[in-house]
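Peer 1: Swiss-Prot feature annotations, pasted as is:
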ACT_SITE  H41  active site
ACT_SITE  H87  active site, proton acceptor
BINDING   Y44, K83, D503, G540  ATP binding site
BINDING   E85, N541  Mg(2+) 1 binding site
BINDING   S86, H87, N88, H89, R108, Q232, E304, S305, Q306, S543  substrate binding site
BINDING   D109, D260  Mg(2+) 2 binding site
Amino acid sequence: MASALRQEGLTQEDYIEIQRRLGRDPNRAELGMFGVMWSEHCCYRNSRPLLRGFPTDGPRILVGPGENAGVVDLGEGHRLAFKIESHNHPSAVEPFQGAATGVGGILRDIFTMGARPIALLNALRFGPLDEPATQGLVEGVVAGISHYGNCVGVPTVGGEVAFDPAYRGNPLVNAMALGLMETDDIVKSGASGVGNPVVYVGSTTGRDGMGGASFASAELSADSLDDRPAVQVGDPFLEKGLIEACLEAFQSGDVVAAQDMGAAGLTCSCSEMAAKGNVGVELDLDRVPAREQGMTAYEFLLSESQERMLFVVQAGREEALMQRFRRWGLQAAVVGQVLEEPVVRVLQHGSVAAEVPARALAEDTPINQHTLISEPPEDIQEHWRWSETDLPSVSRDHDWGADLLALLDDPTIASKRWVYRQYDQQVLANTVVPAGGADAAVVRLRPQQGDASLRGANRGVAATVDCPNRWVALDPERGAMAAVAEAARNLSCVGAVPVAVTDNLNFPSPETPKGYWQLAMACRGLSEGCRVLGTPVTGGNVSLYNETRADDGSLQPIHPTPVVGMVGLVEDLGRVGGLAWRQAGDAVVLLGVSSDERQDDRVGLAGSSYQGVIHGLLTGRPPRVDLDLEQRVQALVRQAWEQGLLASAHDSSDGGLAVALAECSIASGLGVDGALPGDGVAPERRLFAEGGARIVVSVRAECMDAWTSLLADEAHAAVPVTILGAVADHGRFRLSLGSQPVLDQAVQTLTERFDQALPRRLGTA
């Protein structure tokens, strides 16, 4: 029995509770059902109490947490569905298929709501890129994402990629998707109508993906390579047909409820639909389209074969609906019915193979109780004692240009063109700002069907994914709050008003005091950031146990990584901007926190890229997040875009102000003549310190009078404004500290280092 419980990821206490709920011992199929549905991946048994603290209400929220995806009202008939999810463990053992099926799964969450997918983003984390093992993972994951997205015909428009030893052996692959509603009514997943048929559509069921949900809820080890059968195999061309057939079916009015079959397959779909509708579902496995012979009830119920959906259909309309799917070359079969008794009853070969109360699987699931320590762990407190004065002193003739080049060569900061050039960013012809051109992607709001498709298509949605994982490692609360702030800042830099959030909480085990403290503090910071910035959480994903067991038995946890996916509204696509300088003579201005004060705790080198790349350190307490100033700085930038005063906007984040300015020059090929304030402040702080509420803008030379008038507005009086210099056409990147020149590099030199960092390491330069 002990080995059977381990196989299902259950404890002895879980087994006793299962016996109590059933009033008997479970059979193998039932034990498997409980194993996947009581896993962290499906029921959030460690994180659910923390998630309840997230703000989830707002004037634009149509659907919040609990459905396949969140939905927000963007006005003028535009309703946007969006969601982020992880496929971390599968991608670690089978990078191509793990990443590809992660894309397929998040797309199904979107179109299951009745929305047509319009864009994809991803947030990726890997170990050091100089290591061959990491290079193989990167190549496989990027190829998998590219393959599925390109084939299914949905553009991948943005994302982020970071490299750190903490992710060695346990990469993070988070996929986000956006979709525009095409149905009048949002499709929900709660079953209703006793006697209504349950219809299976899509691909056939095989043995691939067996136990994927339980696999995703355990740490990785050297033996995990043997778990390749737990990784699903995707077919993007079949999914393309499934998208079209589902959207047609939803328009017909014949579908009562819909649920995609992702983690835990048929078990999850049946139990969630039944529990949400307070009804039951009877499932006959003999009717399920199978691709393999002799499959047991256990295998049918736990298979995670891809591109499958489960519908509850209006009685009498099932044949017409199935004909619709068959025209698209898809399987379709009536496999059960809605019951009044609130159970999931599974039949096979004329007998009951399993019968479990639906709520026991999908609603009334266990919660693991953890005690939150009252003080930060001792190692964190030790980190917080670090001071910038502990850094090695530098000589007066120190080569700051070499430091800047080293930062631009860091794979986390460097150009990700090697990644996004493999993605089709322009399919559907709605991508306005693609990856690499700005701090957020922008996609035109142009539905293919419905009244909204007939209106002018001059509105857009902006999207971004962000997480400063080095900050979160040192202070989870500040780091998670900074993730929300940076996401909103990135949207504001393209002129978008932040609307709502979907989150992906990637963490190590919560079963240690430090692990649970990290998770709890990050949730607190994320919640506060969303509350103050007015961006409610519409749903997301929790991925725990992201850690690798070494050969000596020790566990190597990842950095806690709460990825924030945020969407924003662009009212006028003619006022969207990027990060590149536009013309010589434009003023270069820093809005927000400057680096010219030693004691300002809103900016610093703790946890910075400079600290890591130049000194090999990760220590200190990250800067305090000033959410009030964030709001003010972002509002000023958005209004300046609206008035047509700006030529560019770019947030200062990884690498600090010097790197932000360099990225603007690299993107444009134009030079800059700039001077940073702060006499008496260490040069490294002025050049490379990081902090929130900092945006570099270039103001059109012909708009300086209007810019001055805007700054005089009382609403913007509290925003610090620092004139740094001007855009130049001499092709040099020149910065001085006061009157002392410290950087004078050819923009071409910066560009070559920035562009070649990934290709050189991957052998494709």
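Note: Cβ is positioned from N, Cα and C throughout, glycine not excepted.
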Peer 1: For D109 (Mg(2+) 2 binding site), write down the residues of its own chain that are at least 6 apart in sequence and whose Cβ falls under 8 Å from its Cβ; none is a fine answer.
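Peer 2: Spatial neighbours, sequence-distant, of D109 (Mg(2+) 2 binding site): N68, A69, K83, E85, A177, D260, G262.
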Peer 1: Which of the binding-site residues N88, R108, Q306, N541 has its Cα closest in space to the Cα of Y44 (ATP binding site)?
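Peer 2: Going through N88, R108, Q306, N541 one by one, the closest to Y44 (ATP binding site) is N541.
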Peer 1: Let me know the largest Cα to Cα distance in Å among the substrate-binding residues S86, H87, N88, H89, R108, Q232, E304, S305, Q306, S543, as an integer.
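Peer 2: About 20 Å separates the two most distant Cα atoms.
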Peer 1: Based on Cβ atoms within 10 Å, give me the single least packed residue among the binding-site residues E85, D503.
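Peer 2: Sparsest of the binding-site residues E85, D503 by Cβ contacts within 10 Å: E85.
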Peer 1: Cβ within 8 Å of the ATP site's Cβ centroid: which residues qualify beyond Y44, K83, D503, G540?
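Peer 2: Going along the sequence, the neighbours appear as L51, P65, I84, E85, T502, N504, L505, V537, G539, N541, V542.
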Peer 1: Tell me the Cα distance separating D503 (ATP binding site) from R108 (substrate binding site), rounded to the nearest angstrom.
Peer 2: 18
Peer 1: May I ask which of the recorded positions H41, H87, D503, G540, N541 is closest to Q306 (substrate binding site) if we compare their C-alpha atoms?
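Peer 2: Its closest listed neighbour, by Cα, is H87.
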Peer 1: Between C-alpha atoms, which of these binding-site residues comes nearest to H87 (active site, proton acceptor): E304, G540, N541?
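Peer 2: Given the candidates E304, G540, N541, the nearest one is N541.
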Peer 1: Restricting to the record's ATP-binding residues (Y44, K83, D503, G540), give me the longest CA-CA distance in Å as a whole number.
Peer 2: 17
Peer 1: Long-range neighbours only, meaning 6 or more apart in sequence with Cβ under 8 Å: which ones does N541 (Mg(2+) 1 binding site) have?
Peer 2: K83, I84, E85, S86, N174, D503, N504, L505
Peer 1: Sort the recorded positions H41, N88, E304 by C-alpha distance from G540 (ATP binding site) and give me just the closest.
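Peer 2: Sorting the recorded positions by distance from G540 (ATP binding site), the top entry is H41.
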